Amino acid sequence: MTPSASSVPGTSRPLADTRTPHMPRVLRKMLCLHDFEAAARRALPRPIFGYVSGAAEDNRTRDDNRAVFDEYGFATRVLRNVSQREQGVELFGRRYASPFGIAPMGIHALSAYRGDIVLARAAQRAGIASIMSGSSLIPLEEVAAAAPETWFQAYLPGDAGRIGALLERVARAGYRTLVITVDIPVSANRENNVRTGFTTPLRPGPRLFWDGIVRPRWLAGTFARTLLAHGMPHFENSFATRGAPILSSTVQRDFSARDHLDWSHLERIRQEWKGELVIKGILSVDDAVIARDAGADGIILSNHGGRQLDGAVSPMRILPDVVRALGADYPVMIDSGFRRGSDVLKAVAMGARMVFVGRPFNYAAAVAGEAGVMHAIGLLRDEVDRNMAMLGVERCSGLTPDVLIRKGGVPASLTAV
């Protein structure tokens, strides 16, 4: 069961309601975030599911993102009064109801009708952070209007003029937190996309037609509904102006070169952007320090969910070193591979201020729209609450490296991941 509007199980603290008045039958079978993946595989056309679930080359990084959590166990404390548990966290002067949020994901409007709005609105209802992707198919202005607390994530255009124009557009829409993703100097080698038939734009053909026809609920409820109500989806937010359509036999998407971008571009962005600036895609202590010194208000340790460099380190493996280098007061956030409340708490214990979760919320929206996302948030929130109780802590601030033991019996406080 998801937490009620009045309290989290075992506590008296009120939380935003993540229940739906009449839960769709399919959600009754969803007991954890893992369960949404199989349901989404059945619901989505093969190219779209393959794009969301896939990673780079041999999936080594994607798989290691999950394996790293097995390297740590919890040292629980007992007979502590934990009846007043509260999992909220402070970040950038705002209070969030849980230490996890929704990571940015591209083309989400092909997984669920108005998918970017679905994610942002569910997150705001639940009181958690949410980041809209720059590779999205709904204008960023519409998402900001539906959920004003949403953060916006941008992939930098390749020239200064385009960068400035995009920043102006994001600011006019009312976004306060800008996330710049910096781990894509060139396009990744995603062989899985080729095997499943995914391209951007998608190319019409018998295979794509068949994938849609055999999934009539997706075809009618997501794609056809979008076409009728809003026209052909386009990449709306890569630049200050509309980009390529999502479906075309001839149009080429503009993948402007980014391999020449350097820290000087970030410094210029810091001068222009007046809100919070977060850098996403950091995987080294040195870059974390440079980002802070260049004016970033926070960083997100990320390997893009294993979708960029196969063999890149899991962010969990560098998290303790980065926190030590930047200090406990500097906002270090993290994503890539999180699926359980226990995963979230391991990162928080190592010093992460916020954990972002991506694919499972995309799957949840594909399965049951906003109700699915709310249910997924509730499941993860329940796990966090339950595990905090069994760890013997009432606040996220009570989670320290001392609650973790690395394989071999070494406390996490004495070793880096």
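Cβ atoms are placed via backbone N, Cα and C, with glycine included.
Binding of glyoxylate is annotated in TrEMBL for TYR51, TYR155, HIS304, ARG307; the matching candidate from ARG190, ARG195, ARG268 at the same site is ARG190. Largest Cα-Cα distance over the residues recorded as binding glyoxylate, namely TYR51, TYR155, ARG190, HIS304, ARG307, equals 18 Å. Highest Cβ count within 10 Å among the binding-site residues TYR51, TYR155: TYR51. When the Cα of GLY106 (FMN binding site) is compared against those of the binding-site residues TYR51, HIS304, ARG307, the shortest separation belongs to TYR51. Sequence-distant neighbours of ARG307 (glyoxylate binding site) (same chain, 6+ apart, CB under 8 A from its CB) are GLY54, ALA55, ALA56, ARG62, ALA188, ARG190.
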